[in-house]
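Asker: Not my notes, these are from TrEMBL:
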type    : residues               : note
DOMAIN  : 9-157                  : domain 'Oxo-4-hydroxy-4-carboxy-5-ureidoimidazoline decarboxylase'
DOMAIN  : 216-334                : domain 'Transthyretin/hydroxyisourate hydrolase'
BINDING : His219, Arg269, Tyr332 : substrate binding site
Amino acid sequence: MGSVFDEKEFLACCGSTKFGKEMVAAAPFSTLQDAIRAARHIWFNKVDVNGWLEAFSAHPQIGQSPSKNHQSPTFAQWSKGEQSTALATATDSTLQELFEWNARYREKFGFVFLICASGRSTPEILAELKIRYQNRPIIEFEIAAQEQMKITELRLAKLFSEKADTAPTIKPLATTNIVRKAEEDRVNIIGAHLTAATGDAGAKPAHIPKRTRPPITTHILDTSRGCPAGGIEVQLEMWKDNQTRPQFGKANIGGWKVLGSSATDKDGRSGQLMNMVEALTPGIYRISFNTGEYIPDGFFPYVSIVFEIRESQKWDHFHVPLLLSPFSFSTYRGS
């Protein structure tokens, strides 16, 4: 039998009421990795915009202590611990500057500046805040949601670790590597993916609902206009030769098999690009965007992104968004 937690314990990990209730419904979890998979699914697919904002508002501003009246004492305790490095490296001048930039950020975006602060100094956080302040609201909102997920994963690891300490009959979980991995990846603004080496590599995780969407999806945001990009053709392919791999600098003609194509809707989301399958076939995939039709005077006639899905990831969902402007683009692995 897996570890059992109540709603208050999950609220200590993420301040969204919807998140807490959905995690209780998905429990128990046999391993920390099962809990993290469920948490990512719930946070990105079931919690709505209001739930995201509720979770953001539970956090104190960076550089300030949590409210003594916080609904979760554990949340407040963990939040204080996560900011310990920032507070230890702060000076009166950097704290004042951080306070001023926090206020500017909130005025522009309408929510608190959120960052996985564990192990980060005040100057480092302040520099990140200034960079992210330049973002358009639609971009920054998604970045903040990714940062909340990093925090949630770290706190789930703490929750499982504490449960293991108080319940010696349960086999202890190897949470140390998970926490360390998150620390190493904290410099990434978005798209951090926390993994743990628990269970068989290809084993199907428990307590995860059946897929409600294809395992590979995308959406496109027009960062020059601050809105979704509709009407862009998208094509998904898979490398079909198991004996060879596509090579950098070579044409690789004839090795790609088209899985599906679609055009983005008014929300910037593509239609179905592949069949609905539970287990994704491991291999190398390529997703291409006909950006030249959308921005005729832009720098990119089209954009292709090549990525590899491994055996241990075949149960995951891969969301590959494109952040596009006439002369630049970026992407990351979402969920």
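From the backbone N, Cα and C atoms, a Cβ is placed for every residue, glycine too.
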Asker: Can you check which residue among the binding-site residues His219, Arg269 has the largest number of Cβ atoms within 10 Å of its own?
Answerer: His219
Asker: What are the DSSP helix/strand/coil residue counts across the domain 'Transthyretin/hydroxyisourate hydrolase' (216-334)?
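Answerer: Tallied per class, the domain 'Transthyretin/hydroxyisourate hydrolase' (216-334) gives 7 helix, 49 strand, 63 coil.
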Asker: Is it possible to list how many residues within the domain 'Oxo-4-hydroxy-4-carboxy-5-ureidoimidazoline decarboxylase' (9-157) are helical, extended or coil according to DSSP?
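Answerer: When I sort the residues of the domain 'Oxo-4-hydroxy-4-carboxy-5-ureidoimidazoline decarboxylase' (9-157) into the three classes, I find 104 helix, 1 strand, 44 coil.
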Asker: For the domain 'Transthyretin/hydroxyisourate hydrolase' (216-334), what is the mean per-residue pLDDT, to the nearest integer?
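Answerer: A mean pLDDT of 87 is what the model gives the domain 'Transthyretin/hydroxyisourate hydrolase' (216-334).
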